[in-house]
Each structure stands twice: as C-alpha cells, then as structure tokens.
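Copied over from TrEMBL:
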- A:THR164, A:LYS186, A:THR197, A:GLU277, A:ASN398, A:THR403: substrate binding site (BINDING)
- A:THR197: active site, nucleophile (ACT_SITE)
2 protein chains.
Amino acid sequence: MSHAVPTGRTGVTAAGGFRAAGITAGLKASGKPDVALVVNDGPRFDAAGVFTSNRVFAAPVRWTRQLVSTGPGVDGVPGGAIRAVVLNSGGANACTGPEGFDDTVATAEHVGSVLGVPATEVAVCSTGLIGERLPMDLLLSGIGAAHGALADEGGLDAATAIMTTDTVAKTAQVSAHGFTVGGMAKGAGMLAPGLATMLVVVTTDAVSDPATLDAALRQATRVTFDRLDSDGAMSTNDTVLLLASGASGVTPPVEDLTTAVTAVCADLAAQLLADAEGATKEIAIEVVHAVTEDDAVAVGRSVARNNLVKTAFFGQDPNWGRILAAVGTVPETVVFDADLIDVSINGVQICRAGGVGEDRSLVDLTGRKAHVLIDLHAGTETATVTTNDLSHAYVHENSAYST
Amino acid sequence: MSHAVPTGRTGVTAAGGFRAAGITAGLKASGKPDVALVVNDGPRFDAAGVFTSNRVFAAPVRWTRQLVSTGPGVDGVPGGAIRAVVLNSGGANACTGPEGFDDTVATAEHVGSVLGVPATEVAVCSTGLIGERLPMDLLLSGIGAAHGALADEGGLDAATAIMTTDTVAKTAQVSAHGFTVGGMAKGAGMLAPGLATMLVVVTTDAVSDPATLDAALRQATRVTFDRLDSDGAMSTNDTVLLLASGASGVTPPVEDLTTAVTAVCADLAAQLLADAEGATKEIAIEVVHAVTEDDAVAVGRSVARNNLVKTAFFGQDPNWGRILAAVGTVPETVVFDADLIDVSINGVQICRAGGVGEDRSLVDLTGRKAHVLIDLHAGTETATVTTNDLSHAYVHENSAYST
C-alpha cells in the first residue's frame, strides 16, 4: 500500500472518475473549511453504504441509507447508485425533526441541481453538534462554491473540510491489479463498535455492482472500523460509503476488491485511532484461543470499553486485575475458564492461569503503543480490538465540546 | 429513617445481637484501619447474600457464596447460617489462584477458632488491589486484635476499617415495628449494575429465615445498589450480606422486613453515590412511560454509562443530543420511537419529540445534583438509575490506583 504524502490525486480522488472539493461555507465559527463535495463522473455509479446502528439517527443517515438500499430500491428508484456525496462539518443535523430532514432533502436537491443529476443519487453526510438546525443559506451557497472548486486533485481538500476535532486530515489509497481504491475519513474520539462517529467515503475506479460493493464494504468494516472502540459511544451520524466509477475498465474478482477496500479502511482506521481525542495511548487488545471469533471480539470489546482499564493505561499501570475483571463481564455465552486465562502486556506475561505471573514492574508502558494479549485457552479463534486510554485531555475535550 | 450521627449503636451494631470491631492490622501501607469483624451473637444465625455476577470473582466470594446458598446446602452443611463476617481492606484476594482460596479458608478457620464457631459459618470479604496475595500473618494477628475489640458500639469502627478510596465511613439504620435494621458499606467509584465494587453488611434483630432474607435482600438490592452505575465496571469482589439475629423476638411480615432492608440499602447507596471517586455531580436519570421496568432500567443505564454524557455533565453542558444518542444504543427489544422522546434536565425540557425544545441556556447545572427526565411515551413503567459525572479527578484517582 502506498501511504503517500497526501498531494496530487489522493484520498477520494486517487481513483479515476472522481473529482472533489473542500471549501469554507461559514458553518464553523472557526472559519475553517466545512463543506466537501465528492463527484463520481462515471461511467458507472454503483454504490454501497454501512451506517450507524444507533436507533437515534440523523436526517442525512435516513436519506442516504435509502439511496444505497440494494434490492428493489425505494419509491421505484433502483438503489445503489450515487453520483455525488456532499458532506458538512459544523452541524450534525440530528434530532432536528421533520424540518431537519427537509434540510437534508433540500441539500441533495441543490447538489443535484448544480451538477445536473437526480437528487435521489446525491448522498448527504453531516457531522457536528446534535440538536441544531443547519444554516441552510450558508450551506447552499457553500455547495455552489464547492462545485466551482471541484478538481481531480481535490481529495485532500475534501478530507480537510470534514474535520471536526480531528487534528489531521485522513486519506489513504492503494492501487493493484489495474484498479485503485482511495478514501477519506473524519473522526476522533467517539469511536465505537458497529462504527464510530465517523464519516468515511471510499472510492474506486473498479467496475463493480451494488451487491458486490456491499459485500466488500461490510467485510472491510467488520474487521476495521467495527473493531475500533475508543469510548464505546455510538454516533447518530456514522456513515461509510463506497462508490465505484468503473473508470479503470477493470472488473476485479470480489476477493481482490475486498482486499483493497479492507486495506484502505484499515489504514484510515489506524489514523482515526492515532488521532482520538485526548489519547496518550493506542492499545491493541489481541484475544487468542477463543472458541469463536465473536467470542474474541466480545472479550476484546469488554476490555476496550472498561474505564478502569483505560485510566490504568493512562497512568502507565499494568493493572492486569482490571483486565481480568473486564473479561469477566462478558455474556455467559462467551466460553472461557477464568482459571486458565493468561494476560501479557507488551510481551510480559503478568497474569498466568488467572493468577499472578511475571513481575508487573517488568512492563514498560512509557510508549504510545501498547499491546495486550489475552489467551483464553478455549479454542482456535482470534480477534484484535483497538482502543485508547482515558486521559485528562479526553475529559477536557469532551466536557467543553458544545460550549 | 433515623440517619443518625454515627455514634453509639450504629450501622451493623444498631440491631440487637451484634457486636463489631475495626482495627489496624497493617495490610494498608497508610497505617489506616483495615480489618473489620462483625459477630452475630444470636439467638439465630439466618443469613442471605448477593454477589457480583462477574465471571472472574475473588476467593472470598467463592467461599461466602457457598455459605449462604439456600436449598440443600454445600457439602452436607445447611446453607444460610452466618455467625461472623470478617472483612479486610488492603487487598482483594482476587486472581490469586488456589493459594488465594486457601488463604480465605484459613481466614475463616482462624475466625472460627477465636470465636468458637464453625469456620463454615464465617463469611469472608476482601477489597483492594487484585492479583496480590494477602499478608496472612498480619491478617491473622489482626483478627485476634479485632476479636479483642468487639463491642456493642463497634459499628462505626467496622465501617471505617473497610474503606478503600472512600472519604467517609458509611452506615445506616432504621427501627420500626419492634425490630431494627442497620448496615455499613464501602465503595466509591467502580459502582456498577448487578452491584458495585462494594462490600455491604446489613444486620437485623428480626426473626427470619434464609429464604425470606434472600427474597428481601434481592428486592432491596434490585432497586438500590443495582441502579447505581458510576463507571460501568463490575468488581470481582462485590458482596452484600444480610444477617438476622432474632434478638428482638419479633417476626415481621416479609413486606415490613423488605421495606426496612430497602430503606437501609437506599441510604447506603445514596452515600456511595455521594462519595464516588472524583465526582462533581450526582445525576439521577429518571425514565418514565416505558413499556416495562426493564426497558426503563436499560435506557437509564445506557445513558448513565455513556462517557460523552458523563463528561458533558462535568462541563455543566446540557448536551441533550448525547443523551438521545445514548438512548439509541439500547437493544432492539426496548420499545420507543425516537421521534416521541422528551428530555428534561433540571426541569427544563430541552428536547421535545426527539427535537429541539427549550433553550439549553435555561438549564442550571452549577449544583452537585442533576436530574434527567427521559419520557419515552411508550408505556406506563418507570425507573431511576443514578450515576456520576466523568471528571479530571476520576481519571487522576483511577490512573494512580495501584502505583
């Protein structure tokens, strides 16, 4: 994978057939860029998406989920075709009632109008504070500006315009077997299972169809974004889109497409973890010898979400007792015997057979990256869940967010 | 309820038939009291207990759970009889393997020996750091000292000796209908559903039997300790015991006993919440118009555990969007329509029908107590879950705990 310096055709414009832009519409008080536009110039417009499983979801999620519903489509319009994605930071448009949904529809209609495409093929994503209407005059004029700024090399600008508390723009791309996959992401903190508070757009110039894209994207997110668990809170706006232009003329085997999409998602997920709000540690929790992969994920997630574990890592304290206590809270269906579990932190097996192992003072937790290995001694399956520590800066950032 | 100044016959010695002591055995580096002994002088020794549901549980939990198993009993010994409880702070004796369990048995045997009662009627509770063996020489000699200090007015000393990060000793008592119920608790932070990291001993001079005590205690804990949710982490050592001496000669109706035990547990739970590690807010989350009480508890708990909600309260930010997003993460089985939910904070309905309500600037969050009212508009059931905010001090205390 080329994790390139992000200039030129990068991120969502790395693949042929895509243009993008990111501009300042004035939605953010800071005056930073806040509207991004990604346009698929074809020749194909196949698309798929995965969305938050939160039962409280934002108006743009309601809209965009309809666009990519494969199968019979919605209101007679075949699902799975997206010609453009408009994204704004500076407001989530969540919990804004019917008026908020009207705003989303008006946004899609305006993009459709300036591009000359059906509004029903324009995806909308929003991120920011919940419970406030978007300033539609600013947003609609911003869309005009973004349209004027569309460029083959606009990937970095688009990635920059969707940042909220992110400190860096996040892009990735990979080329192989004659096609390219690229993408952008925003999200820092609030990463959660079943997706993060996160907007991701992945593009490819491969030739594909909505069902294949859907399968590839679900497999990719399952082992990447779904296994980030920064603070266990799931957003109202989480959206991951995959768009295919077919511009390369190459129709890859589904395995190759899945591999490339997964590589881009993994790269973006690692960037999200590295930029999580106020974190001082990136913690990989590897669970081995579980009976099922789901068991391994459940154990990893329980540890990843435990505030006592997370504060211990902030304190550079290899407190394996808290890890074991967190393992003990998983559902009864997860198979393990507490008296068999081994736990290593950064290579030191400080817990052996559920009891005291090597001296905890041997563990060096001064670095940013930490590795926890939990051996359940129950089966053959493995999974890794990643998270951050719980720091003073996390509390600071999240206690001051809307004020 | 008399929430008395804790002198004289208070806490576990408020009820007739009980003596207690709290002394310094040297388990804590601080030199503070660390061993408590509670003795039931009868004439009856009926008992019940509820314990952590964590699948990783400490040696003393394994031991004491056997003692109060009602029904056929364990190893031919009828369950539900406890003549003494020995409790230590300064070490949890969790994740200490077979040797740790041997230590618990030796502790019970030593108490049995000095009191002249069967070891199988001596409950053991421990609290402190996980994963380290107890210094048995200090503990056993401490038991001798505690035995010598047993007193009718020892309730406060016992409550003091079980403190860990608690800043105050916690006792409560109530007398009515000719019998008394009293109790003590330790626990600060780490409060969690299905019990907190918490040791509680409740005593009564009522005449009862193990099955009745078990029913009364389960009902009491279900609506008190089980609805504290300070940081969502469940301990390896949580134990709540109820002992009845029968010294009053009064056999109350089960309803009266349940009411009194619930009152004492509610008082102790409120003290735990008030003393939670590093908290600046006590937050009551009242969920109304749910289809079932379980639904209401699930919604309340989801909000109570959400770090983004908790940091917002620390920042005195009435961020109702985070509350709604937390509600949205409950299981599919919980019935609600997101477009109907109202949310009030301290009496101001800042969210109405899932959207913007009154101006958030009207909400005053400067006080220590906060009240969140979530109206699901789905049914007739109600529950209240209480929690704390997530503060800098929480991170500080919990990142430095074992070092």
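Cβ coordinates are placed from backbone N, Cα and C, and glycine is handled just like the others.
Since we're looking at a predicted model, the values are computed, not measured.
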Among the binding-site residues A:THR164, A:LYS186, A:THR197, A:ASN398, say which ones reach under 8 Å of chain B by Cβ distance, listed as they appear in sequence.
A:ASN398
Quick one: of A:THR164, A:THR197, A:ASN398, which of the binding-site residues has the smallest count of other CB atoms within 10 A?
A:THR164
Are there residues of the same chain, six or more positions away from A:LYS186 (substrate binding site), whose CB falls under 8 angstroms from its CB, and which are they?
A:SER89, A:THR127, A:ALA159, A:ILE162, A:MET163, A:THR164, A:ASP166, A:LYS170, A:MET198, A:LEU199, A:VAL200
For A:ASN398 (substrate binding site), which DSSP three-state class applies?
helix
